[in-house]
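Notes follow once the structure below has been shown.
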Amino acid sequence: FLLGAANIPPHPLNLINFMEMIRYTIPCEKTWGEYADYGCYCGAGGSGRPIDALDRCCYVHDNCYGDAANIRDCNPKTQSYSYKLTKRTIICYGAAGTCARIVCDCDRTAALCFGNSEYIERHKNIDTKRHCR
C-alpha cells in the first residue's frame, strides 16, 4: 500500500490551503469535496452561465485565477501563500500585487463566498452539457 501511495502526486500547496479555507467557512455538515462538482463552474473547467450564487463564487474564482495567470511567472494552481484563519474571517499576508497575495485573495474571496451562499443539492453533479450553455 505504501509503495502505491508513492506514485500519487501531491496536491499543490495552495489547493490544500484553499481546502482549509473552505472548511473554515462552510457549514460543518459539508465537506470541501462536495463543492468539487457543483453547478457549471465548481470543479475543473466551466462554461455557460453560473446557475446560482454558489456557482457564481466558483465563476469569480476561475476568473480571478485567470487574471493571476497573466502575471509573469505566476501559476495560481501551484503558488504557495501565507494566511491566517481568525475570528470568522481569513487574512492573507504578503505584499499587495504579488502573485502569492493575489492567489491568496482569490481563494479567500471564494471561500468566504461559499460560506455565504446556499448549497442546493440538485445542483451537484448536474448535466453540464444541458445546463451550462
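For all residues, glycine too, the Cβ spot is worked out from N, Cα and C.
Note that this is a predicted model, so its numbers are computed, not measured.
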Please pick, from D62, D67, the residue that Swiss-Prot records in the Ca(2+) site together with Y41, G43, G45.
D62
Of C40, C42, which cysteine does Swiss-Prot list as the disulfide partner of C132?
C40
Disulfide-wise, see what Swiss-Prot says C99 is paired with, picking from C74, C92, C106, C113.
C74
Could you check what DSSP calls C92 (disulfide bond) once collapsed to helix, strand or coil?
strand
Can you tell me how far the Cα of C40 (disulfide bond) sits from the Cα of D62 (Ca(2+) binding site), in Å?
11
Least surrounded among the disulfide-bonded residues, given as C57, C58, C92, C113, when other CB atoms within 10 Å are counted:
C113
